[in-house]
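If you look up Swiss-Prot, you'll see 20-42, 57-79, 84-106, 116-138, 151-173, 210-232, 253-275, 285-304, 311-333 marked as transmembrane segment, on the strength of sequence analysis.
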Amino acid sequence: MLFKEKIPGLILCFIIAIPSWLLGLYLPLIGAPVFAILIGIIVGSFYQNRQLFNKGIAFTSKYILQTAVVLLGFGLNLMQVMKVGISSLPIIIMTISISLIIAYVLQKLFKLDKTIATLIGVGSSICGGSAIAATAPVINAKDDEVAQAISVIFLFNILAALIFPTLGNFIGLSDHGFALFAGTAVNDTSSVTATATAWDAINHSNTLGGATIVKLTRTLAIIPITIVLSIYHMKQTQKEQSVSVTKIFPKFVLYFILASLLTTIVASLGFSLRIFEPLKVLSKFFIVMAMGAIGINTNVSKLIKTGGKSILLGAACWLGIIIVSLTMQAILGTW
């Protein structure tokens with residue numbers, strides 16, 4: 001496939017990403033990826049000459065998305081995460097476990113598509129859209145499945161930002177306790193920021209930094225989760241063939257790890273991590289571009305038809321994470 005054949009589709013996704021990005025800055029609680037999916041769905045309903053754009057759209061939804069995940073690694077200082085986030089590790093492990101268990105059980109009960117259930121379970125438990133972006137290519141998720149999972153995650157991000165500060169005060173969480181709660185029970189990084197900022201405004205505190213570090217610690221779970229899912233998916237789809245390490249280990253996850261290691265080395269040498277800021281911004285913009293591509297290819301009728309069960313699954317994962325996060329805090333004495 002010649003690169004010039006991809007240019008029209010890339011340009012279309014770029015054009016969709018620009019207003020989506022601006023709307024995301026104006027309404028961060030909703031976020032640019034959600035706007036990109038919505039605009040992409042509208043564009044996909046009307047645009048003609050699909051043959052001209054399809055190759056670039058496919059390239060964006062797969063390879064630009066994987067590049068975004070790699071660039072995400074430049075925001076992770078592993079030493080800082082291990083130093084500050086290690087205390088939250090038991091809570092993180094338990095919340096991730098309960099979300100994945102709930103997703104597995106309810107997928108069977110609701111007879112929901114396995115791919116959608118996996119994306120919602122991973123997105124709820126790790127880091128929202130970024131986790132979905134990392135998982136989707138590993139399990140060969142379709143664009144409308146990714147769009148549905150992102151939409152479900154977005155709904156509960158909004159609810160968390162609106163409800164959690166009041167809930168935290170009602171049950172008597174300390175500032176440290178709320179930072180752990182927001183960092184482990186809110187899906188997306190931007191929503192963690194919004195939730196912690198709302199708490200700080202009400203209580204005149206400074207929980208944002210702590211909540212963000214806990215959230216970054218959760219992000220590292222992308223690595224083992226994608227590898228395990230890759231092994232499982234490969235064994236399911238290639239039962240007759242041998243499964244090698246080179247086949248099951250997603251290359252973009254390796255590059256994500258290398259980017260994180262480079263960030264850690266640069267930080268340990270005393271350099272400011274602001275030099276990576278453009279790459280972090282580019283990562284977010286690439287995710288928006290990819291969500292635009294996914295929106296274009298989304299089957300709206302299927303999205304509406306299966307949306308109810310997906311929302312119920314997302315609600316169950318979300319409530320399970322809330323209960324486990326608060327229960328673990330009570331047990332560990334971090335309330």
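Backbone N, Cα and C atoms are what each Cβ position is placed from, and that goes for glycine too.
A contact between the transmembrane segment (253-275) and the transmembrane segment (57-79) is present, since 3 or more of their C-beta pairs, 6 or more residues apart, lie under 8 Å. Three or more CB pairs closer than 8 A are found between the transmembrane segment (57-79) and the transmembrane segment (116-138), so contact between the two stretches is assigned (pairs 6 or more residues apart). The transmembrane segment (311-333) shares the most Cβ pairs under 8 Å with 84-106, out of the stretches 20-42, 84-106, 151-173, 210-232. Using a cut-off of 8 Å between Cβ atoms, the transmembrane segment (84-106) and the transmembrane segment (116-138) share at least three residue pairs, counting only pairs 6 or more apart in sequence. Most Cβ pairs within less than 8 Å of the transmembrane segment (210-232), among stretches 20-42, 116-138, 151-173, 285-304, belong to 116-138. For the transmembrane segment (285-304), the neighbouring stretch richest in Cβ pairs under 8 Å, chosen from 20-42, 116-138, 151-173, is 20-42. Residues 13, 129, 147, 150-151, 154, 157-158, 161, 188, 190-191, 193-194, 284-285, 287-289, 291-298, 300 of the same chain lie 6+ residues outside the transmembrane segment (20-42) yet bring a C-beta within less than 8 angstroms of a C-beta in it. Cβ atoms under 8 Å from those of the transmembrane segment (116-138) belong to residues 31, 33, 62, 65-66, 68-69, 72, 95-96, 98-100, 102-104, 106-107, 145-146, 148-150, 152-153, 156-157, 187-189, 191, 215, 218-219, 221-222, 225-226, 229-230, 233, 250, 252-253, 256, 287, 290-291, 306, 310, 313-314, 317-318, 321 of the same chain, restricted to positions at least 6 beyond its ends.
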